[in-house]
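Worksheet: one structure, shown below.
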């Protein structure tokens with residue numbers, strides 16, 4: 001397996017990087033970025049100053065170099081061998097804007113926390129956004145995966161999405177062009193979302209506040225929100241609840257190394273100490289196999305897994321055991 005070498009990649013970009021205003025970091029530790037606090041190095045991390053800076057940088061990066069965008073790292077599992085190519089981490093200064101965009105409309109930057117969108121909607125009496133108060137992560141991730149909770153989801157509120165493609169060209173996508181499905185967007189995978197326009201409706205602030213309080217109380221009661229976790233580990237299969245399938249297969253509280261399926265909510269995987277990316281993914285694949293053996297249902301990952309395995313620590317998908 002090729003090891004990451006950020007300095008070499010940075011030098012290959014040439015003199016054009018002198019025009020970049022954002023931060024470029026070779027061999028950046030991803031365990032400082034993700035909520036799991038695990039994983040290897042990013043070969044090169046770029047934090048753009050704004051959208052113009054992002055487009056300028058992307059035009060410098062050769063087409064064969066992979067590019068991965070991360071938000072706040074809430075739904076991301078990085079493997080221990082690191083991430084080859086460029087990791088783009090959007091900054092709050094350039095991509096965290098949150099402002100009114102017309103009657104019952106809000107413009108939100110991709111790195112804006114989901115709960116902040118809910119809070120602004122409350123401040124202005126705009127209904128339809130309460131569910132974001134219970135979703136960890138940022139708007140960019142919500143746009144990509146059609147995030148939802150408590151009977152609400154992103155596709156019901158989004159009007160248009162602004163993005164930059166791998167070549168640095170800008171695009172504006174309508175809701176239909178986003179191709180939304182359950183926890184899925186059909187938008188091109190190379191698109192980097194920069195901001196979006198959302199639309200709600202007039203609603204009494206007291207009603208919105210009550211709905212948000214109910215979401216908060218539910219999360220605090222049934223989810224391990226103070227642990228190092230990436231949120232829901234697996235999608236709910238049609239007609240089933242993932243947590244119930246995991247529980248019935250005897251996997252509540254299961255541990256591999258320092259990785260554990262939370263005893264509080266067994267569809268939440270947590271890092272109880274210094275878990276490696278290998279331990280976390282190995283645990284997840286073991287749970288998938290046990291659920292299949294018990295119920296015949298195949299769980300699909302909701303958490304995004306990226307990067308390379310360390311040599312000798314490869315994991316076969318859906319077998320839950322190392323191939324080494």
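The backbone N, Cα and C atoms fix where each Cβ goes, and this holds for glycine too.
Residues or ranges marked as active site by Swiss-Prot: 183, 302. Taken from Swiss-Prot, the feature active site, proton donor applies to 232, supported by sequence analysis. Annotation comment: Swiss-Prot describes 36-211 as domain 'FAD-binding PCMH-type'.
What Swiss-Prot annotates, mapped onto the structure for a quick look.
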residue : record                    : CB count, 10 Å
183     : active site               : 17
232     : active site, proton donor : 23
302     : active site               : 18
Item to check | Secondary structure at residue 232 (active site, proton donor), reduced by DSSP to three states | outcome: strand
Checklist entry - What is the separation, in Å, between the Cα atoms of residue 183 (active site) and residue 302 (active site)? => result 8
Checklist entry - So what pLDDT does the domain 'FAD-binding PCMH-type' (36-211) average out to? => result 96
Checklist entry - residue 302 (active site) to the residue listed as 'active site, proton donor': how many Å between their Cα atoms? => result 7
